[in-house]
Amino acid sequence: MADNLVIVESPAKAKTIEKYLGKKYKVIASMGHVRDLPRSQMGVDTEDNYEPKYITIRGKGPVVKELKKHAKKAKNVFLASDPDREGEAIAWHLSKILELEDSKENRVVFNEITKDAVKESFKNPREIEMNLVDAQQARRILDRLVGYNISPVLWKKVKKGLSAGRVQSVALRLVIDRENEIRNFKPEEYWIIEGEFRYKKSKFNAKFLHYKNKPFKLKTKKDIEKITAALDGDQFEITNVTKKEKTRNPANPFTTSTLQQEAARKLNFKARKTMMVAQQLYEGIDLKKQGTIGLITYMRTDSTRISDTAKAEAKQYITDKYGESYTSKRKASGKQGDQDAHEAIRPSSTMRTPDDMKSFLTKDQYRLYKLIWERFVASQMAPAILDTVSLDITQGDIKFRANGQTIKFKGFMTLYVETKDDIDSEKENKLPKLEQGDKVTATQIEPAQHYTQPPPRYTEARLVKTLEELKIGRPSTYAPTIDTIQKRNYVKLESKRFVPTELGEIVHEQVKEYFPEIIDVEFTVNMETLLDKIAEGDITWRKVIDGFFSSFKQDVERAEEEMEKIEIKDEPAGEDCEVCGSPMVIKMGRYGKFMACSNFPDCRNTKAIVKSIGVKCPKCNDGDVVERKSKKNRVFYGCSKYPECDFISWDKPIGRDCPKCNQYLVENKKGKTTQVICSNCDYKEAAQK
């Protein structure tokens, strides 16, 4: 029997660590939190200094029993949950359930799950850091007080199943504020003039810049006519050439927020998926002969700091692969996170390259690991050097300008370039070699009318970035917050951008009217600052809670008395119930919209909303192929005659048969291209854009 018991959150993490520690250690998983506030009641005594009432989470009884059995037999119990506030709280709850000594040095933390890091952490166990626990408790109790007081009011006055929360309500506000900006936006006319110029055999483009040596706004067609009237023929002169060398530094290694943003843009991953895959990489991958190893450092962090050991290893790799000139000469600029002395997200070893790891990883694991690895290695590489040139092209009072750039030294761009929501500006644009006084010919002068555009709706990446910039929430809260406002049907995705629903706007208006603090950005930011102060030991958690609740409970009382009941009318479905003849209406359920009888509860008939794709079922040739959604919201195709016909396909049938085997053809999407393939054999048609 092992003398030492180690408790971690997950079986995957337990399996990895046990291999490192040897036979004297037994490592078991708590399966996350074992204690929490009860779901059936508030669980916070507002009359007794906000004392929380923690209970064993439903279904965790057998886990707790197993933990107690092993703890009783062990000489030493070590708590090795994750190295953040949440992990510290899990360790504290475990110590209470197992009745461990408060002053016992039994807490071990490591930022990466590698043999050296884990063994080193066990040489330096410490006491549970109660300031971190209290910061987590304060957040949990705050969220419980808000949710359990506002939600019943919304259920009573608006609709059952609604919720509001400190972070989710601000996230919803951001989406709605942006939508209102778009609705209120008044487009303004403007024009641009682009010219195509020729010098010898080279052609290049330039834009109108000045009229009579001053900026001249092209607001209307009259302005255009004024400029075109001033032009005299097609001959222009180069009146100024400005050459500069520009340095572009690599982006810092990932934080939680920047990882979620970049994975959304480059890999099309949702925030929740990014965190799930990152957790797998952190907790350990079976590398066969090398054993199970955590491939990345802890993935919930707001720090860009890198350890000296990791920097040295990256420098060695870069020197060997690219040469000394590609290594960074800059001093470290990484920021320390607000939550503890974490590092940025990086590979646990630069020497474990994505290509070497590919055979051990799933497709998603490989893509995310490659992104993390390349971003980190690039962050330790030399800047890129760009040669820029600006040409002023003049005729009389009219001046055009052409800007060009070429890459002189690629540096980090050899490996990795950060993407943006908008078009990146790092593309090469070569201009012919021209000197002041050279003559060029205009081959085309083209005015174009434009209108100003409203601000774009939020993508998931942009919403995460905005939440981080405003200091709303923490690395661990971004993904669940975005998930919640979608599950509650407060927002929906259209073309990968968030649009508020009618329900979302109704809930927002009520929260805005009766609980203004909850959606106030400054209030939410100040609360995060107070939580940080609790973690640093500068203020007690009870004082923070009391400062909030004393005014909040008055808002709750006012809302209960004054908020008017709002009736949300169901959308007509346009057909009658086949059971009782009453009109069918469209309802919103857990997995999206569905049809239900308006005569509920007397009639409980429901139907899925199906969308025909205009193709006959290839199996029965009687029903139509309709688009449906799985419980995980994935689109699939079935027969309208179901259950009589059980045809099903993940790919969209196109209504034609394969010329090779006569089975049905489908559209198969791979990234940004769509291919027509056979559902049965290897027949393929050319990819379509």
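The first residue you see is number 1, and the count goes up from there.
Including glycine, each Cβ sits where the backbone N, Cα and C put it.
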Requested in this report: Would you please say which range out of 95-123, 124-152, 298-326, 617-645 has the annotation zinc finger in Swiss-Prot?
Outcome: 617-645
Query raised in the report: What is the separation, in Å, between the Cα atoms of Tyr298 (active site, O-(5'-phospho-DNA)-tyrosine intermediate) and Glu9 (Mg(2+) binding site)?
Result: 14
Query - Under 8 Å by Cβ from Asp82 (Mg(2+) binding site), same chain, sequence gap 6 or more - result: Glu9, Ile90, Tyr298, Arg300
